[in-house]
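Below is one structure, written out as structure tokens; the observations come after it.
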Amino acid sequence: MSQDTGLWSVRRPREVSSTLEIPTTLGGINYNTGLPQPASAMKRSASGAGAPYLNSHGRSMSGSRHSLALSRPSQPMFQRSSSGTNLADIGLSSVKRTSMRDKSFAPTPAPGRSSQDADRRSSVYRARTSTAGPMSHQSFFQQAPQPAGVPRDPRPLRDRSYQARIGQELLDYLAQNNFEMQMKHTLSQNIIKSPTQKDFNFMFQWLYRRIDPSHKFQKNIDQEVPPILKQLRYPYERSITKSQIAAVGGQNWSTFLGLLHWMMQLAQMLDGYASNRYDDACLESGIDVTGDHIIFDFLSKAYRDWLAMDEDADDEDANRALAPHIERMAQAFEQSNSKYTSELEMLEGENNRLLREIEDLEKSTPDPAVLDNHFRIMEEDKIKFEEYNALAMQRSDKYETRIQVLHEELEKLNEELREVEDERRGLQKAVDDLGISMQDIDRMTAERERLQKGIESASQRLEEVKKKVAEKELEAGKKLDDLERMVDRYNTLAYQIGLIPATAVNANGKDYELQVTVNDGPDFSSSQLKGSSGASSSDRLLVDPVSGYQPAHILNLDLRGQVKNSFLTLRKEISERRTVAMDMMMKDHDLLDGIKEAIEDKRSEVEALEHRVRAAEEEYEKTKE
């Protein structure tokens with residue numbers, strides 16, 4: 001079974017003539033992985049663009065397979081690298097397939113010299129490849145060159161509260177990830193304050209195995225820690241000496257507590273990256289790592305199956321083993337692309353909707369000149385409102401002054417009221433002295449109440465009459481408005497048919513323009529009903545106190561007498577002219593029809609003559625032949 005040349009393949013080491021097929025669909029392959037490359041890939045790289053990488057790798061024998069761990073090139077910076085890939089800088093490493101289940105990390109007896117080559121530690125773990133190609137970013141391990149001297153740790157490691165906080169975070173992380181069960185070591189309650197050297201050794205080994213599970217500690221801790229810290233790019237590794245590593249307690253414990261807490265955070269970050277916890281943050285930053293996950297899943301599973309194959313397997317077997325992984329990778333890419341396709345369709349629909357809204361807004365948006373005019377009017381209104389506000393403030397000040405005056409007047413009225421009360425009491429005493437009885441007072445009071453009720457009844461009837469008069473005035477006003485509209489329509493039509501002005505064609509020197517001659521007044525108010533004897537007669541809709549306006553009082557022309565007869569005469573004249581014009585038109589049509597018939601007759605004669613000419617020509621031709 002042949003392999004599709006459009007997909008990348010992982011091949012077993014072959015003879016010198018074997019080559020690596022060139023990928024075409026995944027872009028330029030960046031060997032940004034800690035997985036050992038097959039020999040064919042290395043030979044292809046040596047003859048192509050990947051040749052510069054050959055100077056940075058070494059080989060070691062693990063069984064009968066070659067381990068070709070390349071030196072890691074620069075990665076994109078968005079914290080997408082694994083610390084295990086940086087450990088490939090050791091150069092001499094071998095591929096060792098480890099179990100994926102939880103296992104005990106307890107120390108084992110040191111192996112013999114004969115087995116060290118086969119069990120040599122490997123830094124191949126969680127390597128990532130990127131289809132985006134190399135970028136200008138750097139890995140989070142690759143920092144700027146450090147200044148000369150020992151860098152100073154900015155963390156307040158000497159602070160007891162800070163030590164307690166990061167120590168508790170470290171203990172919680174150890175407890176959540178089964179430290180004691182995996183290392184078979186129990187931590188005491190006072191480990192944060194007074195740890196032992198053994199506690200530090202176990203915690204350091206366990207944390208580093210969280211970062212690189214394939215690493216095996218084979219030397220003393222003071223010899224293992226410095227190169228590991230350099231590989232991890234620990235910023236303050238130069239401030240830690242071997243003598244301090246051998247005695248981590250006492251004054252040195254704060255430094256090593258900060259180191260363990262930093263390694264814990266690094267392990268948490270790697271766990272989060274492995275569980276796709278940062279995918280959303282990558283998308284928010286404009287970086288899609290879905291392709292990275294798909295390709296890494298393909299490489300890791302395909303490489304694992306490739307390593308599990310027999311030594312004598314050929315290319316067909318390798319292609320057959322890799323075919324399911326290639327199909328799954330293609331399906332994963334299709335599924336990932338379908339999401340973007342649906343999103344693209346949704347965005348295209350939204351774009352079309354927004355374009356339609358823009359067109360509608362452009363159509364419905366008023367003319368800028370009109371808006372400028374409105375703005376200018378609003379600015380003028382603003383100035384007027386400001387002037388009115390200033391005037392209102394002046395009035396408010398004046399009213400406050402008036403209130404003070406009214407308070408003084410009120411005091412005077414209260415004083416007068418007291419004087420009136422005194423006067424009433426004096427009058428009451430005088431009435432008593434005159435001998436007026438209570439019956440007389442009751443009679444006068446009853447008479448007063450009767451007269452008061454009569455006044456109220458008359459006032460109520462007066463209000464009703466005023467209300468009716470106001471309604472009639474409103475109705476008359478509406479009728480007058482209708483009359484004015486009809487007069488305007490009449491004048492418009494008269495102008496269109498040539499009756500206005502007097503010099504028009506059909507006016508015959510007469511003025512047919514209609515006008516309303518009602519006296520101008522303040523909207524024909526009902527001021528005459530307010531009891532004012534001096535109200536002007538122009539405020540009324542009555543020409544006299546008895547009758548209202550007649551047509552001759554309102555209009556300047558006699559419509560029924562003079563104007564109507566003139567219009568009937570004009571109508572009759574126009575009808576006669578129309579009849580004469582119709583007769584002339586009918587005569588013209590008859591003449592035109594006769595001319596058309598004569599033309600048709602002449603055309604028929606011409607056609608007959610042409611036919612005779614053609615016949616004569618044919619006869620002539622025959623005679624000539």
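Cβ from N, Cα, C; glycine included.
Proximity of distant same-chain residues to the coiled coil (330-364), defined by a Cβ-Cβ separation under 8 Å and at least 6 residues beyond the stretch ends, is recorded for 7, 290-291, 294, 297. As annotated by TrEMBL, coiled coil applies to 330-364 (among others).
Per TrEMBL, the feature coiled coil maps to 396-475 (among others).
Summarising model confidence by region, the coiled coil (592-619) averages a pLDDT of 93. Positions annotated as coiled coil by TrEMBL: 592-619 (among others).
Residues annotated as compositional bias 'Low complexity' in TrEMBL: 56-67.
Residues annotated as compositional bias 'Polar residues' in TrEMBL: 72-86 (among others).
Taken from TrEMBL, the feature compositional bias 'Polar residues' applies to 128-145 (among others).
Summarising the annotation, TrEMBL assigns domain 'Kinetochore protein Ndc80 CH' to 120-272.
Annotation comment: TrEMBL describes 452-524 as domain 'Kinetochore protein NDC80 loop region'.
Here TrEMBL flags 40-158 as region 'Disordered'.
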Residues of the domain 'Kinetochore protein NDC80 loop region' (452-524) by DSSP state, where helix covers H, G and I | 45 helix, 1 strand, 27 coil
